[in-house]
Amino acid sequence: MSNLSKDLVFLVLKFLDEEGYKETAHSLERESGLYFDMNYFEEVVLGGKWDEAERYLSGFTKLDDNKYSTKIYFEIRKQHYFEALDKKCRTEALDVLLNDLQVFAKGDEELFKEITQLMTFDDIREHESLSTYRDTKSARKFMMKEIRRIIEANPIFGGRLEFPSVKGERLRRLINQSLNWQHMNCKDPHPNPSIDTLFIDHVCGPRGHILHSKSIKHNVKPCLTTSYQFPTCSVNSSPSTITQSPSCTGAVPLNATKNPATKVINDSDVLSNRMPFGTVDEVTSPISDPGQSQISELAISINCPSTVVRTLNEGSSPVSMDFHPVWLTVLLVGTCAGEIGLWDVSCSGKMVARNFSVWDLGACSMALKAALEKDSHVSVNRVLWSPDGFLFGVAYSKHIVQLFSYIGGDKLHQILEIDAHLGGVNDLAFSSPDGELLVITCGDDKTIKVWDVVSGNRYFTFEGHDAPVYSVCPHTKENIHFIFSTSVDGKIKVWLYDNLGERVDYDAPGLGCTKMVYSVDDQRLFSCGTSKGGESFFVEWDDNDGSFKRVYQGLGTNPLSAVQFDTSRKQLLVAGDDHMVKFWHMDNTRLLKTIDADGGLPANPHIRFNTDDTLLAVSSSGNQIKILANDNGLDFLHGCGNDSIDASGVESETSQKNGDPRNVAEVNSKSTGEASNRGKAWETIERPSQCQSLQLCADVKKNKISKLIYTNAGDAILALASNAIHLLWKWPKIDLNSCGTATTKVQPLLWQPSSGLQLMSNDLSSTNPEEAVPCFALSKNDSYLMSASGGMVSLFNVISFKTMRKVMASSPAATCLAFDPRDNNVVAIGMDDSTIMIYNARSDKVTSTLEGHTKRVTCLAFSTSMKALVSSGADAQIFVWNADEWKIQRSKTLQIPDGNKVRALSDSDTYVQFHKDQLHFLVVHKTHLATYEVNELGCVNKWVSDSSVPISHATFSCDSQTVYASFVDGTIGIFDASVLVLRCQIKPSAYLPADISYAVYPLVIAAHPQKPTQFAVGLSNGEVHVLEPLEPQRTWGILPMVKRNLENSVPAESEFWGLLV
């Protein structure tokens, strides 16, 4: 096949893909053998369509072409065989064995015999090599990963895995060019010719014999601006007509079509099935907006924050602002002088101010040093909170990005400084594509970069823009993670988290500085940009095909600066334009409301909504920021103005000054509920009807539950009872629970292997079960369990329940265990004699012994990114160890609150758990809860139990936004993790039967690994209960309202006192 013929096939494939003829496209791929669509092949394999997978594969390679091809066919047929056996479909399995797998017997007869023997097993997992086989979905994913690797190594597929770089609608454009050429050569070209067919060349007939066609205004949808020119002669999908401008004379320019140059995307269904961004002639008319007449503009406008309630005086002009995602009145500000400030807008108080400085000049590039030496002035370009509010980033006008940690008080903690770009850093954004927090930056050097927020390692550098990059917008759709970037010349590109280059390249309206933002619910995409001539464009996109859904009206002209805008949860859009604040409803292109905020606004003021849209920050002249509020915002700020005790549970300034140690809960418990009293600051759940709970059934003799954990997959719960027996409950995949995840709506099954093995049990020789300290740790793939109950440490296969080995002598006993996340074969084992053993399961040796604690080690936690191990002990000490050299980095002794009623009790187990950001960790002591930062072991927040009821256990939720704590009176406390303030209190009567003994209480608590609102408790009577809110989308309790005062700000170590009543 000639090169031109191949190109034509690729153009046809591109056309079929754009038009949605997927099956036809894949048939052409197979028949031509020119392009192997890996994503389609993976979709077929993961869907278990084995015949279709082999049929598609056969268009490119046969089974016996080479060893790579043989391996591919073998893996597919082997998986089909395994699944048939796992489903107990013996007939299907035998058919696969004889008709599909027997062909491989010649190459490896022993392997074929071993595969045949599987027919005799009741469960294929009984075979040693398949003991870790979990489920069909996981097995297919693992197999596909291996097949992908083989295909990429197979020389037969060389040059067939990458689709050529083809601009969007290239075939249609070639046809348009041909029609233009034909029309140019007509003897009597008509102004508005009609094309009825492509089967013959176009020729304009005599003028006297044609009917005048409709005006161009009726044939082409309205354009955005006069700068967009539609093709003078073109073929559209409907109607199929040529449109010619009345002003066109002579030759028609071939480049008149302003179709975006879109590259093909092979990486996802979201971005590959259609051209991601459509042509300009698909723009929806801004005049015809269906349903807009039904919108009650009066009701909508009431939600607009329009009353100026606060004026903040900055030292220099504000250029970027962002409200805290949790604390509704905390505003982060960056200025043109390089200063960052944190304001509490409820009291107009500035809590923190920090001028620009380079933290480590010696580590900076020579380019940065030269730039600072030439001109030391640095301004802030962007400030932004991370989604959980624990971090914020600052992008500066010279090279630098700085990340700070802030969890309250008047101090900032320096986390990371990155010499990110040559020139200015124009924007930054946070993203978590694989659950790991990343920061994305863009700059004057025309690049976009992706960084790890903990180590500062650069993961990706995206190059392709021809001008400085103005903004970035990361997004996730259908589990596909991608990044929009816009440059100052109006180019928009889309990138995936890989090194394969841009996936989309097209023009923004106006070809100027444009910012793209998704709505708060991540469902709608908006952009606002300003051209070099000062004309602004505010549009909503259809992110499926790249067309415009709406073009919002009402923006003025200002060539000096770009329009700033924001979105709200209540379907509002707001922009700072023409010395005004302008509002739109998302579904209405007409301007809804305009306010001047009492005057004094710059031409394009910076604006920012707070999280619940009750407050709006607007930059003003004279280095000021005006805070606008709606009615709800006014009520909220009025509630914050009470100086007695706020709803967060923080001690009031008045009580601090008077030396009164009473806390909010204590005061409110004495309230009779009058309207003048603000009542408890948390929700109390006392009845079963107020939450969802499920007791897990187990017809097994057991004592109290000593340890409890969810599997990492979230489909099972594993418990260790004090009698050394392990209980594993798995949720079945049924109609009510198709995903098979843990839920309170379906009773799980107590898992027992079909091999007839007994439940996993620990060694109890030479041990008194009542005195033993049970412990266990589960590997990250849920396949292996290390466990001990005072005797030897056992290593179990969780799939088969087999005891793989027993290690360590029974004395001293193991008291806590933790797998190293970097290597499942490395386990840290805390001992009763205060030491920590580092055990390598592969070599069956103790490689290091760590000494530092003075009493038994009670808990161990690895950081997944900081190469650190944190240990806690009964001596109330915290140690941080270097996980490479196993040396002490730092240590701290917990401060037990004076006068605490439970302090006189015996030594207490202390537990530690890392926050999701890996920069902080939770400390649990029977007297208090606390969060510490790992770098300096500084206490950030603390909640102190002001009662005689000790804390039995506590854990972070999977998103680290909540702390679940259990108490020995049966109460469960649910805390806001950012400030350790009580949000919800669950009484025992809500989840325990009425006839149960009052002595029963939760000993351990575990959080679901994917559902932030689900947790489980293990009780002192051997029961396990799972709890969820009534509605899956609802959070537990009341969001705390944070209040601080400038003169008496809460110190960096914020200590809250609480009484569970």
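Quick reminder: no glycine exception, Cβ is built from N, Cα and C everywhere.
Taken from TrEMBL, the feature domain 'CTLH' applies to 35-92. Residues of the domain 'CTLH' (35-92) grouped by DSSP class, helix first, strand second and coil last, total 41 helix, 0 strand, 17 coil.
In the predicted model, the repeat 'WD' (418-461) has a mean pLDDT of 93. The annotation repeat 'WD' is assigned in TrEMBL to 418-461 (among others).
Sequence annotations record features per position, and here TrEMBL assigns repeat 'WD' to 557-594 (among others). Tertiary proximity for the repeat 'WD' (557-594) is limited to same-chain residues at least six positions away from its ends with a CB under 8 Å from its CB atoms, namely 286, 289, 291-292, 295, 297, 300-301, 303-304, 306, 512-513, 515, 517-521, 524, 526, 528-530, 532-536, 538, 540, 550-551, 601-609, 612-613, 616, 618-619, 628.
Sequence annotations record features per position, and here TrEMBL assigns region 'Disordered' to 647-682.
Annotated compositional bias 'Polar residues' per TrEMBL: 666-675, in sequence order.
Summarised by DSSP class, the composition of the repeat 'WD' (850-891) is 0 helix, 23 strand, 19 coil. TrEMBL lists 850-891 (among others) with the feature repeat 'WD'.
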